[in-house]
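Record features (TrEMBL):
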SIGNAL    1-24  signal peptide
DOMAIN    55-112  domain 'Partial AB-hydrolase lipase'
ACT_SITE  Ser186  active site, nucleophile
ACT_SITE  Asp356  active site, charge relay system
ACT_SITE  His389  active site, charge relay system
Amino acid sequence: MSLLANTLYLLLFFSSSVLHVAQGSSRGSLGRKNGATTFPPSLLGDDGICASSVVIHGYKCQELQVTTADGYILSVQRIPEGRSGNGNNQTKQPVILQHGILVDGAQWLLNGPEQNLPLILADNGFDVWISNTRGTRFSRRHTSLDPSSKAYWDWSWDELASYDVPAVVEYVSSQTGQKPHYVGHSLGTLTVLASFSEGKLVNQLKSAALLSPIAYLSHLTTQLLDVAAKFYLDEFIRIFGISEFVPKGIPVQAFLKLVCTHRGVDCYDLLPVITGKNCCLNSSTIELLLKNAPQSTASKNLVHLAQTIRSGVLAKYNYVRPDYNFMHYGEASPPVYNLSNIPHDLPLFLSYGARDALSDVVDVQTLLDSLKSHDADKLSVQFIKDYAHLDFVMGVNAKDVVYNAVISFFNRQFN
């Protein structure tokens, strides 16, 4: 039996099995309303990130919206000052925080206020702006498209680099009259690097701090994602015609079961399997994380990441058919993002960990090789031997290990 036939058979089998279980008990599961995903409000705080995660700690917080050039309406939270109300907002340096995939801006706020990067930055005199990617729970609006439509989900990280990040940067700049700093984690690093490589944002951002940087993905040490990307993901999405990838939905749960049957894939404890063995998360943080994530993304976005894993090349989305690529790009193959085009005098801070299964040490070294002509005084690199993927945003000791270094880096930028 061919791989495709096996895949189809197993997916249908597991899908029907999971569907049977779900019909027997829907308690605590995600629902659907008019074709869109609905989340249990008691878990996710439908009043917004400000109310659920910032104001309760005594900080001011504003819920804002930013509309991208292609019509997506993004949720943005602004924390204009520290808990003590330190200083004039007009003189504060703005900082944008951009989360990774399958989460939203709440990922930065799962610990106590003394351990959360946004609140630490605010207490250190920064004007903090938290961005939420299209398709996440508070960014599911569009000027003309409905989230239940396939057209709404027709995007990959190309569009995040071309539209989402620039829209937020331009909005923050217009509101503050200053060039903001940028902090990205995981996919939030890839999108800004892609933008930089095409000459975007290089004159609009003061600097960028890249935590657990993702660019090249050829050396993933997470067997589950490697197998999914190399053998199954594209077929799964094609067979089921899925445009919105809902991690807790029935088809995706069936897909996960399929991948877990593959030899060598350990699905006993998925968090370390996917992210690497995090050293410094406490149990309450993990509990909050699992209540808030994973969230939806575009299936096309995951396929694009899978293409990057398989090819070892950082390029735009591949439509596979040369005529489709030509229609989108004017050439038969998708254009490559050349990271060596990033201006050598753009201040960059990179922090990565030895245990990270997604931002692997070898892949980060490939990224650093592409930056080898960078001005030595404009590139700061931090290596943390005990850290895995989530320690950078949720580690109980991240303030001492990472965030103080980020703040020092920001404070050194005077231009």
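Any Cβ shown, glycine's included, is placed from N, Cα and C.
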Between His389 (active site, charge relay system) and Ser186 (active site, nucleophile): CA-CA distance (Å): 8
Chain-internal residues, separated by at least six, CB under 8 A from Asp356 (active site, charge relay system): Ser212, Thr275, Gly276, Tyr387, Ala388, His389
Cβ neighbour count (within 10 Å, all chains shown) around the residue listed as 'active site, nucleophile': 27
DSSP residue counts for the domain 'Partial AB-hydrolase lipase' (55-112), split into helix, strand and coil: 11 helix, 20 strand, 27 coil
Neighbour count (Cβ, 10 Å) for His389 (active site, charge relay system): 28
